[in-house]
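Taken from Swiss-Prot, the feature Mg(2+) binding site applies to D54, D93, E124, supported by sequence analysis. Swiss-Prot lists D54, S55, D93, K122 with the feature 3-methyl-2-oxobutanoate binding site, giving sequence analysis as the kind of evidence. Annotation source Swiss-Prot lists active site, proton acceptor at E191.
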Amino acid sequence: MYTGDPPQTRRPVTVGRLQRMKADGQKVVALTAYDYTFAVAEDQAGVDVILVGDSLGMVVQGRDTTVPVTVEEMVYHTRCVTAARPSALVMADMPFMSYATLEDGLRNAARLMQEGGAQMIKLEGAGEQAELVARLARAGIPVCAHLGLQPQLVHKLGGYRVQGRESAAADAMLADAQALEAAGADLLLLECVPAELGRRISQGLEIPVIGIGAGPDCDGQILVLQDILGVTPGRIPRFSKNFMNGAGSIQCALQAYVQAVRSGAFPDAAHSFGGQG
């Protein structure tokens, strides 16, 4: 099934197209992938954005956190995904400490694009990353900012917890999102925040906001591939869902996920968080 050249049946997804989808009220469907085979399958299912996430440290390498993942590993897995030549836009994570300085950030983002073939990079961090985002934007590198729960800070945060439940924290996150947009971010990933805050930030920005555990009112949704296929060891996060339940095949599960996000059926209240926001 996956030998030879993968079929090209869709127009390529671009940054401009994602922005038009937000303007038109069409939900953006994103999903992680770490290899050629699943990149082909996701593209055929209609996924708009494939994220080569540093989550590979946990779901591929079996580590406890994403912190040990290296730039070399990200380049390798990004290259595997882009070998599928998907119509979906391929976004790659900047791993922990790969953008500790502006020079590091520029160099490693360039590696992910030149060596890995990524079309966008994603980096965690609040308003303090605005200068790097601006530098990357001036260099012609599309950027997805990442706010809310930031897995690379798990040791500082003391675990994986919902962020932005207090009013002051929610206001600060909205201000950070606006600062990152003003600096030149093309996309925002918002993780593990109250649904009301997800709505506020999505409505407060012109760029698309992709949620993961951020409620149904974001401009799109993203989940981890292994979670939606029900193969993640242990419990999956509350905001995720096993789409293999009732599906006859992996491809059917991927299509069910795409349809659920596109229609707005996912996430529902059971897969969202309450709180002040």
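Cβ atoms are placed via backbone N, Cα and C, with glycine included.
A map of Swiss-Prot features onto the structure.
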{"residue": "D54", "record": "Mg(2+) binding site", "DSSP class": "coil"}
{"residue": "D93", "record": "Mg(2+) binding site", "DSSP class": "strand"}
{"residue": "K122", "record": "3-methyl-2-oxobutanoate binding site", "DSSP class": "strand"}
{"residue": "E191", "record": "active site, proton acceptor", "DSSP class": "strand"}
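Taking the Cβ of D54 (Mg(2+) binding site) as reference, residues of its chain lying under 8 Å away and at least six apart in sequence are, in sequence order, T66, V69, M74, D93, P95, F96, P151, Q152. E124 (Mg(2+) binding site) sits 13 Å from S55 (3-methyl-2-oxobutanoate binding site), taking the CA atoms of both as reference points. Counting every protein chain shown, the Cβ of E191 (active site, proton acceptor) has 23 other Cβ atoms within 10 Å.
A simple way to gauge crowding: the CB of E124 (Mg(2+) binding site) has 23 other CB atoms within 10 angstroms, across all the protein chains here. The residue listed as 'active site, proton acceptor' sits 13 Å from K122 (3-methyl-2-oxobutanoate binding site), counting Cα to Cα. For the recorded Mg(2+) site, residues D54, D93, E124 set the reference point as the centre of their Cβ atoms, and the other residues of that chain within 8 Å of it by Cβ are G53, S55, T66, V69, M94, P95, F96, K122, L123, H146, P151, Q152.
Counting every protein chain shown, the number of other Cβ atoms lying within 10 Å of the Cβ of S55 (3-methyl-2-oxobutanoate binding site) is 21.
Around K122 (3-methyl-2-oxobutanoate binding site), the same-chain residues at least 6 positions away in sequence with a Cβ under 8 Å from its Cβ are L51, M91, A92, D93, M94, V143, C144, A145, H146, L187, L189.
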